[in-house]
Amino acid sequence: MSGTLAGRLAGTPAVGEAADGVEAVERARQLRPDVVLMDVRMPRLNGIEATWQLLAESAEPPKVVVITTFENDGYVTAALSAGASGFVLKRLPVPQIAEAVRAVAAGEAILFPAALRRMVTARPLGSAEALPQAALTGREEEVLRLMATGLSNPEIAESFTVSLETVKTHVGNVLTKLGAQNRTHAVVIAYETGLVVPGVAG
């Protein structure tokens with residue numbers, strides 16, 4: 001992240017900063033942080049390309065949260081395609097950005113509903129039958145629907161009155177069966193196949 005952004009997130013442990021995309025990739029490889037907060041617009045290598053490079057070439061890649069000034073649908077799609085675990089806006093209050101970083105570090109997905117809704121409704125919806133051959137169980141579909149509403153693992157566990165470990169197992173199975181890179185990618189697949197419909201409760 002840039003020095004300016006690091007200053008805004010005072011109180012959230014930061015192990016390094018970078019002035020441009022090339023340096024961001026190099027620093028992330030050296031420091032091996034849990035989460036990289038990647039600015040979309042950077043000199044030499046933009047944040048999307050840096051995310052692609054970092055996640056593709058690292059044996060144990062960090063989680064990436066892409067941050068930008070503009071809620072641009074193209075940025076959202078590109079960030080997800082690159083493997084980012086979240087997408088946040090710079091105009092958000094600092095505590096909310098810091099919380100997004102902590103949530104992604106804990107394995108959650110961060111993508112603001114308006115951006116996701118616009119992205120998936122711009123594409124034709126398929127049907128749940130379009131899901132991969134290794135079909136989800138009924139409970140896994142329920143977990144995926146709750147993931148799509150933004151619930152965290154602890155909240156899903158509370159909803160089903162099951163242990164957190166049980167939910168983590170279900171989430172892991174969902175990601176594996178869908179071939180999803182992360183929770184955010186799984187949610188997008190859920191919308192695109194019609195398993196979850198924007199604006200309609202499960």
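If you go along the chain as it appears here, the first residue is 1 and each next one adds 1.
Yeah, the Cβs are placed from backbone N, Cα and C, and that goes for glycine too.
Remember, TrEMBL labels are computer predictions, not curated facts.
Sequence annotations record features per position, and here TrEMBL assigns domain 'Response regulatory' to 1-105.
What TrEMBL lists as 4-aspartylphosphate is D39.
Annotation comment: TrEMBL describes 129-194 as domain 'HTH luxR-type'. Taken together, the residues of the domain 'HTH luxR-type' (129-194) have an average pLDDT of 82.
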>> Within the domain 'HTH luxR-type' (129-194), count helix residues (DSSP H, G, I), strand residues (E, B) and coil residues, in that order.
In response: 47 helix, 0 strand, 19 coil
> Which three-state DSSP class does D39 (4-aspartylphosphate) fall into?
Replying inline: strand
>> For a quick check of packing: other C-beta atoms within 10 Å of the C-beta of D39 (4-aspartylphosphate), how many?
In response: 21
